[in-house]
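Written out below as structure tokens is the structure these notes cover.
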């Protein structure tokens, strides 16, 4: 069937038209849109956001260095426990001072509840430290090191850096870090070493990120300063073990904080996503009530 001279094509399915199924007229590309949802990034903002990645890389570096010092006998468990306790008390006070106690008031959690949770965790960890020390005796040391490296890598991959992605899982990330700490703690000389190592892992992988997130939201300048000081401390500690490793780690931090944001900005200019009437339909309504009705039925 040939289209008549006065017949105009319509984008409808309920009417029979004298046009092929794949026919479109010159108006088809009038609704073409490019980069509708593309975000415009600023270099300074991207560098600031990369601080979360730098923080976690330094946390893993400091944790491994601390374990190495304890394993070599250069750091006593009493010294590490005292330093960790002092830093935890300082961070606890700073955590409330940043927002004037507004977060604690909103959550309704008291300091007595925090103290009880801390004492319970310390008591259970100390009681099970002999078990942690002998937990992996039947596993070779090479396997322990390999598992710890994989768990710490998984911790970095699944950590919540502030991105809304399906791969993000704070619980999985923390569990993998604690599992790595248990594996490494089992290779330390005594049960007291294992107890202090697991406690330190909880501080640096669970409590430290919470303080950093609050500093990032409330006092960005202070957050940047703490990030720089933390990175310098990690580099200084790594330099005492391996100068080559310190250079490589410094290169990694510079790449994450400076080079990667620059590449993102440059690649964003090459983005060319097209949108138009051929896109799939998206349901934007809230279907929670409908799903609840189905469940009730």
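Glycine is treated like the rest: Cβ placed from N, Cα and C.
Not measured: the values here are computed from a predicted model.
If you look up TrEMBL, you'll see 43-69 (among others) marked as transmembrane segment.
Annotation source TrEMBL lists transmembrane segment at 75-95 (among others). For the transmembrane segment (75-95), same-chain residues at least 6 beyond its ends with a Cβ under 8 Å from one of its own Cβ atoms are 66, 69, 114, 190, 192-193, 195-197, 199-200, 203, 207-208, 210-211, 214.
Residues or ranges marked as transmembrane segment by TrEMBL: 115-132 (among others).
Here the transmembrane segment (144-163) has long-range neighbours at 49, 52-53, 56-57, 60, 63-64, 136, 169-170, 172-174, 176-177, 179-180, 183-184, 186-187, 205, 209, meaning same-chain residues at least 6 beyond its ends whose C-beta is under 8 angstroms from one of its own. What TrEMBL lists as transmembrane segment is 144-163 (among others).
Among residues of the same chain six or more beyond the transmembrane segment (170-188), those with a C-beta under 8 A of the stretch's C-beta atoms are 63, 67, 70-71, 132-137, 141, 144, 147-149, 151-152, 154-160, 194, 197-198, 200-202, 205-206. As annotated by TrEMBL, transmembrane segment applies to 170-188 (among others).
TrEMBL lists 194-211 (among others) with the feature transmembrane segment.
For the transmembrane segment (223-241), the list of distant contacts is 48, 51, 54-55, 58, 61-62, 65, 68, 212, 215-216, 249-250, 253: same-chain residues at least six beyond its ends, Cβ to Cβ under 8 Å. Positions annotated as transmembrane segment by TrEMBL: 223-241 (among others).
The annotation transmembrane segment is assigned in TrEMBL to 247-265 (among others).
Among 43-69, 115-132, 247-265, 43-69 has the largest number of CB pairs under 8 A with the transmembrane segment (194-211). With a threshold of 8 Å between CB atoms, the same-chain residues lying at least 6 positions outside the transmembrane segment (43-69) that come near it are 75, 80, 152, 155-156, 159, 161-162, 181, 184-185, 188, 197, 200-201, 204-205, 208-209, 212, 216, 220, 223-224, 227, 230-231, 233-234, 237-238, 241, 249, 252-253, 256-258, 260-262, 264-265.
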